[in-house]
């Protein structure tokens, strides 16, 4: 077994720190209340932290920076017109880097809003309704490079380097894993874990080592090999106590993929932990200082259009038409009957939407057949506006609730939504369907049922501020709320799905795949979406300049293409969930931009 110096250093450090640092000066000898951990909105607005400098000292940052540089340095007299289908982060990133390389990308977004899984729109009061609570990690090197390249790094509001969890048995109390400043990786995470005495015992922490040490020693190859195992199966294999699952892995699984650990591939947990352990500021989080369409998507649009590209909204694709001689793409037919021709075509659509548009001649190809093994996972995003200010944290909190994943008081965490008088909580409701681990299909529940269930959970998190435990007997009241359902969000990272993720390069001569489900090491995250779009752009640039590519990823032999060609079913409807987005309401109550 070949050992890398960084990995060996990390593994030995973990063992040493597990043995000796439990009584270090970083220990926490009390359980803080939310008041002790909170910061006022006014303080939050005046305590902007710069991008942690160590983020730009990692090898992953250098790799991302080098990949970005290849587009600027790429020169070709053969400027290509590229049709990019999908205006989410992956499609916009693909177009951005194609424009950097001198090509002419044209983005076709089905909806009237950009952003895909990070889209947002304004209600009748002018408040932004968001598809999800999106957090940026220091371990997002391509995303961080993108912010730097667009000159919008100052739009990230970095929070204190800590991970905060609610304590289910102690209503209203929280505990944090606090990462000591100026301590290098992996010692800072070891100190954060070992200094917290509320969630795991020393023995339980030490019993995590056998499962984590191979990850540190072998790196990505070990992580990929665990994709066939669920979190529960992995824990049994390495003898981890069940309390580790209850205390840590359930919260992580719900936050990373909106799914319970018994249905989640362990590779998801290990991917996050590997980055957090090996990168000193990898687990530090930042909020965007406002809505995603204006503060992130629009700078990407401006960058693309300034270099001759276009970004078009309200342009849903009806079909992909092929050339009869080689099954390459002849044109795209839009819903309005317009035909779009280009030199190259990129799908940056969610996998569930793409599967409905696969042309009949492609349906028997293993590359496309394997997509039947991938599908999006449901999730619900909530925003609740209260009539008063709550004592909330300035940052992300793991609720450790049966119904809720993570939440944040956006009136404290985000400058555009800041208020010193009233709170707006944004919460991820997950798992929300039986396939994700819920006992009830909450996607089909009414808005009021979902909000009522959420408020019951919030009474536990805020026992003296919400509900009958408040001094006035009722506490904070709801001024308004929004419920955004995403029936098919990021691809469900259930055990064994990794091998079916397609390469960006396809067997079709003028077609490239993007999207977070396409293969890259950051899974279905925002970072994964940006990197996948970037890799798709790189294939086109390499082909245009005659450079060698890695080729099409092999398809597992277990994939059995249909014996007969199948006609595409097409996308039915003209509303957000038809295109993989989120929307408000159910049935006749559906509301969308």
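Glycine residues also receive a Cβ, built from the backbone N, Cα and C atoms like all the rest.
Per TrEMBL, these features apply:
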type: BINDING; residues: 90, 109, 110; note: FAD binding site
type: BINDING; residues: 429; note: substrate binding site
type: COMPBIAS; residues: 552-562; note: compositional bias 'Low complexity'
type: DOMAIN; residues: 89-540; note: domain 'Amine oxidase'
type: REGION; residues: 550-570; note: region 'Disordered'
type: SIGNAL; residues: 1-27; note: signal peptide
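Using a 10 Å radius centred on the Cβ of the residue listed as 'substrate binding site' and all shown protein chains, the other Cβ atoms total 29.
The average pLDDT the prediction assigns to the domain 'Amine oxidase' (89-540) is 96. In sequence order, 116, 348, 514, 515, 516, 529, 530, 532, 533, 536 make up the list of same-chain residues 6 or more apart from residue 90 (FAD binding site) whose Cβ falls under 8 Å from its Cβ. Excluding the listed site residues 90, 109, 110, the same chain places 85, 86, 87, 88, 91, 107, 108, 111, 114, 116, 348, 349, 579 with Cβ atoms within 8 Å of the centre of the FAD site Cβ atoms. Geometry remark: the residue listed as 'substrate binding site' versus residue 110 (FAD binding site), CA distance 26 Å. A C-beta separation below 8 Å, combined with a sequence spacing of at least six in one chain, links residue 110 (FAD binding site) to 86, 314, 315, 316, 317, 571, 579. For the FAD site listed in the record, the two most distant Cα atoms among 90, 109, 110 lie 15 Å apart. For residue 109 (FAD binding site), the count of additional Cβ atoms within 10 Å of its Cβ stands at 26 [all protein chains shown].
For the compositional bias 'Low complexity' (552-562), the DSSP counts in helix, strand and coil order read 0 helix, 0 strand, 11 coil.
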